[in-house]
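Visitor: If you scroll down you'll find the structure; I have some questions about it.
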Amino acid sequence: MFSWVSKDARRKKEPELFQTVAEGLRQLYAQKLLPLEEHYRFHEFHSPALEDADFDNKPMVLLVGQYSTGKTTFIRHLIEQDFPGMRIGPEPTTDSFIAVMHGPTEGVVPGNALVVDPRRPFRKLNAFGNAFLNRFMCAQLPNPVLDSISIIDTPGILSGEKQRISRGYDFAAVLEWFAERVDRIILLFDAHKLDISDEFSEVIKALKNHEDKIRVVLNKADQIETQQLMRVYGALMWSLGKIINTPEVVRVYIGSFWSHPLLIPDNRKLFEAEEQDLFKDIQSLPRNAALRKLNDLIKRARLAKVHAYIISSLKKEMPNVFGKESKKKELVNNLGEIYQKIEREHQISSGDFPSLRKMQELLQTQDFSKFQALKPKLLDTVDDMLANDIARLMVMVRQEESLMPSQAVKGGAFDGTMNGPFGHGYGEGAGEGIDDVEWVVGKDKPTYDEIFYTLSPVNGKITGANAKKEMVKSKLPNTVLGKIWKLADVDKDGLLDDEEFALANHLIKVKLEGHELPADLPPHLIPPSKRRHE
């Protein structure tokens, strides 16, 4: 008796088990979030329904910038290979959206064929029509970098109303569609001719819900001198501050991202360090992909909940028979008050609400009589998903991350800076003398010996107290000096001989020059007398 009650209760008690995070997200979306979206026509207002490919696709990087800022050259620099459909020049060359992806052979897949392929995450782009699809293609080629990530090249953004209208499709809406699904958005600026056009400002504003994905690259920085570069950097930060309304400062990478010689090499070290940081950021994307998809699903669920409250509130206010049109106009005009009412009644943050102006525009064309009343069961299901299922998936995300290397992207420009003499920081700081036959500390040892013999050595060694008197003269914090002591006391006897003292002074010099100390003493820094005993 009442077997259906016990069955339902059992289903609630027993959490669903998933093999992977992607599978879990796919099932949760289809079973718990999609019914809410469909019931309140979410897809007509915000974003098309997600498909299997959206949960399984590789991390994607979206490049956005004005024409001739080096977007296509940047991709060429990363993968170290020309790709089909690539055009580079000072004039606006890239006139299409090009998805650069891995494939067994080189070739181009046109947009109309791409949007019918269920294995690709682009099927919902058919909503933008032929004008867009004729300007969309996939360049596929066998390349080790593309094994781990895909890159989206975009048309250069131009200034002027004529350019915006002549595209034939809503450029900002297409970018917003991609922004929802990519893992990283890179905005490129040309340091030599810094300018943010009106259309570029609109595009950046369209990406405002995805600030966590945005990184900025100030490209072609080798074309200007240090003093000018400082001014350009300041001007860029000031301009971005007016467009991106967040209290946090967006991360800006400065460099020259191509394989040609630097025109003005003054800032070579800065460019190398910045390039290394950007590469590390891109290399972390495969490891963080599952977390990004989880985060995006949570954002989508919160928006879907708010949307359900908005639509059901409008339905509740509509008359049954007369005066529907006049009431509709009144409700659209007073949508801000409805937002405030929902915010108060359901304790929802104002940041979860969609853009008021955009929502008002979309509601003008809708038939309010087809809207649905509030259905608490659908909302309860989504709340349960956010409270319980997502927490379980979070544990799986951490497990999957721990099994992946921190730098998963290999090949192309990423291999050039990994190891060897041209790796970042090779032969500098604690790495100085790594390839020398002689002990690198030896050249300064006579100077250090003079100090050593003034510190009252006993049996050729000085105590920690005597060493401390000399080491604190460097004015380095005790935490740093403590680490240097541990590294220099190679035989761990609590005393320093002349070689160990010289090593301690060498490490102090390394730190004072602005380099980091190694976690363990590199083999080339071990004093010669200690090597024989190993």
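Glycine too: its Cβ is placed from the backbone N, Cα and C atoms.
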Visitor: Swiss-Prot tags one of 13-16, 93-96, 153-156, 529-532 as region 'G3 motif' - which one?
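Guide: Among 13-16, 93-96, 153-156, 529-532, the range Swiss-Prot annotates as region 'G3 motif' is 153-156.
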Visitor: Kindly point out the range from 35-38, 219-222, 423-426, 475-478 that Swiss-Prot annotates with region 'G4 motif'.
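Guide: Of the candidate stretches, Swiss-Prot labels 219-222 as region 'G4 motif'.
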Visitor: Swiss-Prot has ASP489, ASP491, ASP493 down as binding Ca(2+); which of GLU499, GLU500 does it also list for that site?
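Guide: For Ca(2+), Swiss-Prot names ASP489, ASP491, ASP493; of GLU499, GLU500, the listed one is GLU500.
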Visitor: Please state which member of TRP238, TRP258 Swiss-Prot lists alongside GLY65, GLN66, TYR67, SER68, THR69, GLY70, LYS71, THR72, LYS220 for binding ATP.
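Guide: The candidate from TRP238, TRP258 that Swiss-Prot ties to ATP along with GLY65, GLN66, TYR67, SER68, THR69, GLY70, LYS71, THR72, LYS220 is TRP258.
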Visitor: Averaged over the region 'G3 motif' (153-156), what pLDDT does the prediction give?
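Guide: Value for the region 'G3 motif' (153-156), mean pLDDT as a whole number: 88.
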Visitor: Who are the chain neighbours of the region 'G3 motif' (153-156) in space, where the CB to CB distance is under 8 Å and they lie at least 6 residues beyond its ends?
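Guide: Same-chain residues near the region 'G3 motif' (153-156) but 6 or more away: 62-69, 71-72, 75, 92-100, 135, 171, 175.
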Visitor: Measure between the Cα atoms of every pair in GLY65, GLN66, TYR67, SER68, THR69, GLY70, LYS71, THR72, LYS220, TRP258, the residues the record assigns to ATP, and report the largest value in Å, rounded to a whole number.
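Guide: Taking every pair among GLY65, GLN66, TYR67, SER68, THR69, GLY70, LYS71, THR72, LYS220, TRP258, the longest Cα gap is 17 Å.
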Visitor: Let me know how many other Cβ atoms fall within 10 Å of the Cβ of TYR67 (ATP binding site).
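Guide: Within a 10 Å radius of the Cβ of TYR67 (ATP binding site) lie 20 other Cβ atoms.
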Visitor: Which one of these binding-site residues has the most other Cβ atoms within 10 Å of its own Cβ: LYS71, LYS220?
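Guide: Per the Cβ count, the most surrounded site is LYS71.
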